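Below is one structure; the comments refer to it alone.
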Amino acid sequence: MRFKAELMNAPEMRRALYRIAHEIVEANKGTEGLALVGIHTRGIPLAHRIARFIAEFEGKEVPVGVLDITLYRDDLTEIGYRPQVRETRIPFDLTGKAIVLVDDVLYTGRTARAALDALIDLGRPRRIYLAVLVDRGHRELPIRADFVGKNVPTSRSEVVKVKVEEVDGEDRVELWEREGA
């Protein structure tokens with residue numbers, strides 16, 4: 001793959017997540033009954049950051065859960081016979097809550113669909129929102145994000161890589177081109 005561009009640096013990521021945090025509280029009319037669920041892998045630290053921002057400006061803690069969607073994916077045969085199943089940890093009852101699913105990139109919509117299936121198996125939320133740092137387009141399913149850090153129109157030959165300090169050692173969003181594309 002060939003590096004093309006930096007789409008967001010650390011301060012830009014922070015500002016986007018801070019804005020998303022405000023938009024979430026505004027849409028929910030406060031923090032009552034609100035909870036965040038980060039999708040493995042990079043959605044988890046993003047969800048925790050959004051929760052910290054909400055706690056900063058609202059003075060109230062918002063619970064955060066962790067969701068593994070591996071067994072809900074529709075491409076298991078394409079990713080190998082031994083998928084790596086990680087922990088799902090949602091330390092609160094979903095029933096009646098406004099849940100914000102948090103992921104790094106929205107592309108085809110298949111990850112979000114799998115996350116919705118997994119969540120609904122765990123309870124019956126009052127409302128489910130989707131928050132993403134980057135929406136790159138190219139939907140294959142009728143899914144859209146409610147909260148978006150940055151819309152980045154891409155070609156199918158391009159790859160958006162989100163790096164987060166907690167996983168990758170730095171905060172940065174990059175655009176890459178697949179070789180031979």
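Here the Cβ of each residue, glycine as well, is placed from N, Cα and C on the backbone.
Per Swiss-Prot, the features are:
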- 41-42, Arg82, Arg86, 103-111, Arg136, Val160: substrate binding site (BINDING)
- 99-111: motif 'PRPP-binding' (MOTIF)
Can you name the far-off residues of the same chain, 6+ from the ends of the motif 'PRPP-binding' (99-111), with a Cβ under 8 Å from a Cβ of it?
24, 34-39, 42-44, 46-47, 50, 67, 69, 73-75, 119, 125, 127-148, 160, 162, 164
Average model confidence [pLDDT] within the motif 'PRPP-binding' (99-111):
98
Tally of residues which DSSP labels helix, strand or coil - the motif 'PRPP-binding' (99-111):
2 helix, 8 strand, 3 coil
Tell me which of the binding-site residues Thr41, Asp103, Tyr107, Val160 sits in the most Cβ-dense spot, judged by other Cβ atoms within 10 Å.
Asp103
Secondary-structure category, per DSSP, in which Val160 (substrate binding site) falls:
strand
Tell me the Cβ neighbour count for Val105 (substrate binding site), meaning other Cβ atoms within 10 Å of its Cβ, over all protein chains shown.
19
Taking the Cβ of Thr111 (substrate binding site) as reference, which residues of that chain separated by at least 6 in sequence fall under 8 Å from it?
Ile39, Ile69, Arg73, Asp103
